[in-house]
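*Asks:* Below is a structure I'd like to ask you about.
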Amino acid sequence: MVFLLISSYFSLNTAFAISALTIILLTIPTLYFKESDRLTTSETYHIPKLSYAFNRKEVRIGILLVVLLEGGNRITDMITGPLLIDINITLNNIALLIGSFNFCASLFGTLLGGILIKVFGIWKSIFITYGLQGLIFTFISMAIGIKYIPHEILFLLIGFKYILFSAGLVSFYTGLMSLSSLKQAGIDFTIFQCTNAFTAIIATLLGTWTAENWSYHFVFCNIIYLYFYRSTNFH
């Protein structure tokens with residue numbers, strides 16, 4: 001949000017410089033943290049290994065779920081900004097939507113995700129949140145196809161997308177933690193995170209290329225199909 005607001009009034013170089021300075025300032029408190037003493041090899045019963053992680057069925061299932069469930073989210077995240085610009089929404093409004101509104105929606109989504117897990121359990125919560133995201137993508141796809149649609153409607157739909165995205169992450173990451181081995185939970189979960197990052201890179205390239213050569217509507221339509229198909233089979 002800060003970057004978009006600054007770039008709308010000043011140059012891109014100024015926005016990048018201030019953003020970099022902000023990141024540096026936010027990392028200063030970590031200098032005062034001290035890491036606890038680690039156990040020696042002789043004090044542990046298990047030496048964490050990547051081979052141990054990849055040999056576990058749960059880790060392989062988790063990697064597959066990350067690619068399938070997070071791929072659609074990453075594609076839509078990367079094309080949301082260009083989509084809003086192409087329909088002539090100002091940078092100020094985009095900053096407010098993606099920054100402030102996204103922050104509030106994410107907090108509410110996090111709370112909602114915790115409630116869903118408590119009521120329905122982890123895996124049913126994943127089915128509910130990702131299934132509803134497919135429904136929101138349906139409405140967004142329909143809204144894009146309507147000429148002169150009020151921007152407020154798109155803002156509202158994208159807001160619901162952020163809420164469900166956050167709720168889905170709470171449920172999904174809780175599920176991934178349950179798939180991690182207690183012997184090396186850190187390594188297993190790091191593998192899931194790295195898979196998520198790699199998926200985001202591929203999804204960014206795929207989403208932007210598809211939107212450029214076809215349309216935003218085409219991208220959302222395919223995400224809708226994949227989300228409903230995956231959620232139904234996953235359930």
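Each residue, glycine too, has its Cβ placed from N, Cα and C.
Bear in mind that TrEMBL entries carry predicted annotations, made automatically and left uncurated.
From TrEMBL, here are the annotated features:
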type: TRANSMEM; residues: 12-33; note: transmembrane segment
type: TRANSMEM; residues: 96-120; note: transmembrane segment
type: TRANSMEM; residues: 127-147; note: transmembrane segment
type: TRANSMEM; residues: 153-173; note: transmembrane segment
type: TRANSMEM; residues: 185-207; note: transmembrane segment
type: TRANSMEM; residues: 213-229; note: transmembrane segment
*Asks:* Among 12-33, 96-120, 127-147, point out the range having the most Cβ pairs under 8 angstroms from the transmembrane segment (153-173).
*Replies:* 96-120
*Asks:* Using a Cβ cut-off under 8 Å, which residues of the same chain at least 6 positions beyond either end of the transmembrane segment (96-120) come close to it?
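*Replies:* Sequence-distant neighbours of the transmembrane segment (96-120): 1-2, 4-5, 80-81, 84, 128-129, 155, 158-160, 162-171, 174.
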